[in-house]
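Remarks on the structure that follows.
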Amino acid sequence: MSDVKQLEEFGRWRKLLWPIHNHELKKFLPLGFIMFGILFNYTLLRDTKDTLVVTAAGAGLIPFLKFYCVTPAAVAFVVIYAKLCNVFNKETIFYIVVTPFLFFFAAFAFIIYPNFDVLHPSSTLINNLNNEYPAFSGFINIYAYWSYSAFYVLAEIWGSAMVALMFWQFANEIVKISESKRFYGLFVVIGNISLILSGQVVRYCSTGIKAFVSDDPWKWSLYLLMGTVVIMGIATMYLYRWMYLNVLTDPRYYDLNKNEPTTKKKKSKPGLSESLKIIVKSKELGLIATLIMAYGVTINLVEVQWKEQLKFYYAGDKGGYNAFMGNYSTWSGIITILFSLFIGSNILRLLSWFKAAVITPFVIIIGGTVFFCFILANDISLIKNATYNLLSSLGTTPVTAATFLGAAIVIISKVVKYSLFDPTKEMAYIPLDDELKTKGKAAVDVIGGRAGKAGGAFVQSTLLSIMATTNVLSIAHIAFGVFFVVAILWIISVKFLSVKVKENTDRKMDEINAAEKLKADGTK
């Protein structure tokens, strides 16, 4: 049954808000809750990693971590993942990937952080090294806060590996093309409910806990946050197992014959180098990678500048910083849900792939330009004085204004990212063959995403090293130039990819129709 005919069966409001058949709930809800659990953990980890790093060493450390630590770790993950694909089935790989993350985050909260002074170099040594080698301050601070750096790296990999790879690969495997336009928009809604709840968990654990403990509230915050991460991770693995037992064994929800070719050809799976050759030859994967990298570069350049403003605003208060990030996550979730429910899902359903996909780069280029212009205006004395006087009359300061302006712009950017960028990107994978959906997707999503963030990180870390500083505000004007050029290239790439998406979708539908016709002829 076509997607149009299915939608015609729904009433006006149900078609708008809940275009899911009752018999599809067994498949749709567990998938949504798996996304919920993964994003819930990602929010807790993302907010905590930023709090640890920025309050300890400043936002200037982020570019060094992203380029010199996170990127190599992402490459290593893809190599390991490709090896696992040749040995284990997809279900086992999921458990193998999730478990080490949970062990580390538990160890960080309950073992490493309580013994911070014992396990880390002295502040005297670090100060001497920074004074003697100022151009290498970024690397010195990675060493000084090695456990924070490790936490940051693994939290980043969780976002790439679990959200972009493990969940969406699973969804692409079991969701039919006819279901995708109805399912994917609502996946975003259910997944982002987790942002609202997890944001408030972060806020409570960061500030509310102070009323119940007297010694080092931040330590107790980590106990609660990482304990929650472990529990939610175990629950996600349980749901994943439940789907394999109850959904993937039901021919109504999953084509059981899909596994047959995989079983027969298991020993002939290509290695990583051969998979990468396939990716290089695929125009679709190259363009998808370009989109992911462009998003990573642009949002990274904006976020680093914003987080530096946030550091000034909270002046080393870890609890306050993390509580702000929790509220930021909550508002991101609320606005994303409202946008996805009333606007985003309908954009995906009613507009062409190109029109839906090009909205994200347009929103980011406009918002980023406004933010950069605001912080760069402070370098012009005449504008700086006028801005200061205006903000003073409103009872605020430039740092406060930059903090909340940056938060608003980043939230809006994340909203369109979750509501439009992610679903349209995943739709581009659906018509591709199995090899490109699995190993090709692993390389594009994990390495491509990291390469995007690493691109912005490389520019910033190199400039900071040349200028022998950790103050990211000193390189804001150059960062803005890079931001603008990459955003324009992003828009151009969306146009080229839209052509390939249409061609592949038409081809796939022709194959499906031909198969159905052949099957119908055979039953006569």
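Cβ atoms here come from the backbone N, Cα and C positions, even for glycine.
Residues 20, 105, 154-155, 158-159, 162-163, 166-167, 170-171, 174-175, 183, 186-187, 190-195, 197-199, 201-202, 225-226, 228-229, 232-233, 235-236, 239-240, 242-243, 247, 329 of the same chain lie 6 or more positions beyond the ends of the transmembrane segment (28-45) yet place their CB under 8 Å from a CB of it. The annotation transmembrane segment is assigned in TrEMBL to 28-45 (among others).
The transmembrane segment annotation in TrEMBL covers 57-81 (among others). Long-range contacts of the transmembrane segment (57-81) within the same chain: residues 93, 97, 137-139, 141-142, 144-145, 148-149, 152-154, 156-157, 160-161, 165, 272, 300, 304-305, 307-308, 311, 442-443, 446-447, 449-451, 453-454, 456-461, 464, 469-472, each at least 6 residues beyond the stretch ends and with a Cβ under 8 Å from a Cβ of the stretch.
Under 8 Å from some Cβ of the transmembrane segment (93-113) lie the Cβ atoms of residues 45, 81, 84-85, 119, 147, 150-151, 154, 157-158, 161-162, 166, 170, 219, 222-223, 225-227, 229-230, 233-234, 236-237, 240, all in the same chain and six or more residues away from its ends. Under the heading transmembrane segment, TrEMBL lists 93-113 (among others).
If you look up TrEMBL, you'll see 150-171 (among others) marked as transmembrane segment.
If you look up TrEMBL, you'll see 183-202 (among others) marked as transmembrane segment.
If you look up TrEMBL, you'll see 222-240 (among others) marked as transmembrane segment.
Annotation comment: TrEMBL describes 326-344 (among others) as transmembrane segment.
What TrEMBL records for 356-377 (among others) is transmembrane segment.
Here TrEMBL flags 397-416 (among others) as transmembrane segment.
Among the features that TrEMBL reports, transmembrane segment is placed at 472-492 (among others).
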Checklist entry - If we call contact 3 or more Cβ pairs under 8 Å (sequence gap 6 or more), are the transmembrane segment (183-202) and the transmembrane segment (472-492) touching? => result no
Checklist entry - By a Cβ-Cβ criterion of under 8 Å, what residues six or more beyond either terminus of the transmembrane segment (326-344) are in contact with it? => result 16-17, 43, 46-47, 185-186, 188-189, 192-204, 206, 407, 410-412, 414-416, 418-420, 423
